[in-house]
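K.L.:
Okay, here's the structure, questions in a sec.
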Amino acid sequence: MKSLKGTKTAENLMKAFAGESQARNRYTFYSNTAKKEGYVQISNIFLETAENERMHAKRFFKFLSEGLDDEAVEINGASYPTTLGDTKKNLIAAAKGENEEWTDLYPSFAKTAEDEGFKGVAAAFRLIAAVEKEHEKRYNALLKNIEENKVFEKDEVKFWKCIKCGYIFEGKTAPKVCPACLHPQAYFEILSENY
């Protein structure tokens, strides 16, 4: 890889690295809140997304470490969210951050990288932007479930799975308590067969 020294791409990569790193930590905090509020599936999704963000940060950092000789990168004009509330507020903040990444930040970072001759960096920004779009979609769907009181109740009959013991229940509403292992409703989610 050619040198990133003195490029706008180096600054953008560092902004992206910092943003992804902070998102990872925020999502870990949000996961704890969701679990405390009885949303175990949402907690797990925050943790899964935190791991996705860690991998994005790693990809951006690898470009930096390959394109610079152990040099620090100063970033100006970047701001990072500080939201920490209940699960609903956290989902709103998370969706907003993901939206900004895929609609504004990463497309502009990709264009700059391409203009500066860093095609691999540009491609990474575009591919990761596509992931961020899916993150936003998922956060908005989870938010809608909370707002419509549909986390543990659906309009049609579903198969609900206890993620602690594997018990499967058929109905419109997840049981208040798992009859097999006695864990609370918080541990039920819609059965997913994606194999």
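Just so you know, glycine gets a Cβ as well, placed from its N, Cα and C.
Here the structure is a predicted model, which means the values were calculated and not measured.
For reference, Swiss-Prot lists these features for the protein:
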- GLU20, GLU53, GLU101, GLU132: Fe(3+) 1 binding site (BINDING)
- GLU53, GLU98, GLU132, HIS135: Fe(3+) 2 binding site (BINDING)
- CYS162, CYS165, CYS178, CYS181: Fe(3+) 3 binding site (BINDING)
- 3-150: domain 'Ferritin-like diiron' (DOMAIN)
- 157-191: domain 'Rubredoxin-like' (DOMAIN)
K.L.:
Within 10 Å of the Cβ of GLU20 (Fe(3+) 1 binding site), how many other Cβ atoms are there?
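P.N.:
If we count other Cβ atoms within 10 Å of GLU20 (Fe(3+) 1 binding site), we arrive at 23.
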K.L.:
Name them in sequence order: residues not among CYS162, CYS165, CYS178, CYS181 whose Cβ is within 8 Å of the mean position of the Cβ atoms defining the Fe(3+) 3 site.
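P.N.:
Going along the sequence, the neighbours come out as LYS164, GLY166, TYR167, PRO179, ALA180, LEU182, HIS183, TYR187.
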K.L.:
According to DSSP, does GLU132 (Fe(3+) 1 binding site) fall in a helix, a strand, or coil?
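P.N.:
Note: GLU132 (Fe(3+) 1 binding site) is helical by DSSP.
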K.L.:
If you count Cβ atoms within 10 Å of the Cβ of GLU98 (Fe(3+) 2 binding site), leaving out that atom itself, what do you get?
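P.N.:
The Cβ of GLU98 (Fe(3+) 2 binding site) has 24 Cβ neighbours within 10 Å.
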K.L.:
Take the Cβ of CYS181 (Fe(3+) 3 binding site) and count every other Cβ within 10 Å, whichever protein chain it belongs to.
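P.N.:
Step by step: centre on the Cβ of CYS181 (Fe(3+) 3 binding site), count other Cβ atoms within 10 Å, giving 12.
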K.L.:
Can you tell me the three-state DSSP label for CYS162 (Fe(3+) 3 binding site)?
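P.N.:
DSSP assigns CYS162 (Fe(3+) 3 binding site) to strand.
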K.L.:
Compare the C-alpha of HIS135 (Fe(3+) 2 binding site) with the C-alpha of each of the binding-site residues GLU20, GLU53, CYS162, CYS165, CYS181, and give the closest one.
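P.N.:
Going through GLU20, GLU53, CYS162, CYS165, CYS181 one by one, the closest to HIS135 (Fe(3+) 2 binding site) is GLU53.
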